[in-house]
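Participant: Pasting a structure here, questions to come.
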Amino acid sequence: MANTFGRLFKVTTFGESHGVALGCVIDGCPAGLYLDEEIIQALLDRRKPGQNLFTTERAESDKCEIISGTENSVTLGTPITIIIRNQDKKPRDYSQLENIFRPGHADYTTKIKYGLTSKSGGGRASARETVGRVAASAVAKAYLQSIFPAINVMAWVQRISNINAHVNHSDLIIENIEKSEIRCPDSNASELMKRAILSAKEQGDSLGGVIRCVASSVPTGIGEPVFDKLEAELAKAMLSIPASKSFEIGNGLDATYLMGSENNDPFYINNEGKILTKSNRSGGIQGGISNGMPIEFSVGFKPISTIYKEQETVTKQNPTEIKFSIPQGRHDPCVLPRAVPIVEAMCWLVLADQFMLQNFREIYDKHHFK
């Protein structure tokens, strides 16, 4: 099972949704970086469950503990271990589902691959696993901003079902995103999305949608062609998030409807003598390498698989076709509001790892190719 992400900035997550605890181990963070639990907690609080009517009722404080890798809030250059203890786990809620393959979940494929499945929830396939990713991203963010103070990653809910937001990210600030309970900065669209989510919840159903993310002030030259292009690394990271189904960089599929003359981003020189592009249809990446423009991408999420309508499935023991209904439980009717900080987290992890690779390359070239 692949539980580690990254090559130089390595993150290993551990734990299950209804186990004792979850967390992460970060290997590769340099020594001397200021890091305390408040920095990590600020990001975890945006991801934690039970925030409002639009998320699961599971009550987790997601209080983090740094148990290795720092001293007096300064990193030592050794592995950093962060742990988050489960407080509201209820494995008994899944006792009625123990002998069935839940449609849309990883029960069947996990059983085929490993010979068994978790008896309480999705185990490692659960979105609860991502709490370790968000904790690790706080370290990646602190590391990158210690070198590039202006670098930032910001995501928001762009669409839920067929309700699309109108957002101009050039003047967007995180406060405008966070004041919306579902993290959509378009107030009109946000209200429509809320109604749609509550309606689906009342029907025992769920909704999917799209999250848009922008990484600004990313230095040029990040990315490792041919097979480790920056957009390919981002795609891998985003599609590792539970319930994610699609990834588009820049204008994505819209580019397939354009002529080359319409899709190309013209270059120009700004007042500071920096080469930029007048448009950003390429999403800040060309040839797999960052070009200095904002990195823009979208991630599509399916409707959450846990619904309360009657469904058809097959039993695990003595396979038999049956109809069943999942008992009312504590599940998100729409994953997107809480997936926003997870998308940001994976972007931070990719950028930290890719910057380290580029930095290593420059140091190597300096000492070996004089």
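For all residues, glycine too, the Cβ spot is worked out from N, Cα and C.
When I checked TrEMBL for this same protein, it listed these features:
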| type | residues | note |
| --- | --- | --- |
| BINDING | Arg47 | NADP(+) binding site |
| BINDING | Arg124, Ala125, Ser126, Gly287, Lys302, Pro303, Ile304, Ser305, Thr306, Arg330 | FMN binding site |
Participant: Tell me, by DSSP, whether Arg124 (FMN binding site) is helix, strand or coil?
Facilitator: helix
Participant: Could you measure between Lys302 (FMN binding site) and Arg47 (NADP(+) binding site) for me? Cα positions, answer in whole angstrom.
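Facilitator: Here the two Cα atoms are 18 Å apart.
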Participant: Given a 10 Å Cβ-Cβ cut-off, pick out the one of the binding-site residues Arg124, Lys302 that has the most other Cβ atoms nearby.
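Facilitator: The largest 10 Å Cβ neighbour count belongs to Arg124.
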Participant: When the Cα-Cα distance from Arg47 (NADP(+) binding site) is computed for each of the binding-site residues Arg124, Ser126, Ile304, Thr306, which gives the smallest value?
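Facilitator: So, spelling it out, the nearest of the binding-site residues is Ser126.
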Participant: DSSP on Arg47 (NADP(+) binding site), three-state: which is it?
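Facilitator: Assignment for Arg47 (NADP(+) binding site) reads helix.
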Participant: For Ser126 (FMN binding site), which residues of its chain lie six or more apart in sequence with Cβ-Cβ distance below 8 Å?
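Facilitator: Within the chain, Ser126 (FMN binding site) has Cβ neighbours under 8 Å at Glu16, Ser17, Pro242.
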Participant: Sort Lys302 (FMN binding site) into helix, strand or coil using the DSSP assignment.
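Facilitator: In three-state terms, Lys302 (FMN binding site) counts as coil.
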Participant: Around the Cβ of Thr306 (FMN binding site), how many other Cβ atoms lie within 10 Å? Please give the count over every shown protein chain.
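Facilitator: Excluding its own Cβ, Thr306 (FMN binding site) sees 21 Cβ atoms within 10 Å.
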Participant: Within a 10 Å radius around the Cβ, which one of these binding-site residues has the most neighbouring Cβ atoms: Arg47, Ile304?
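Facilitator: That would be Arg47, with the most Cβ atoms nearby.
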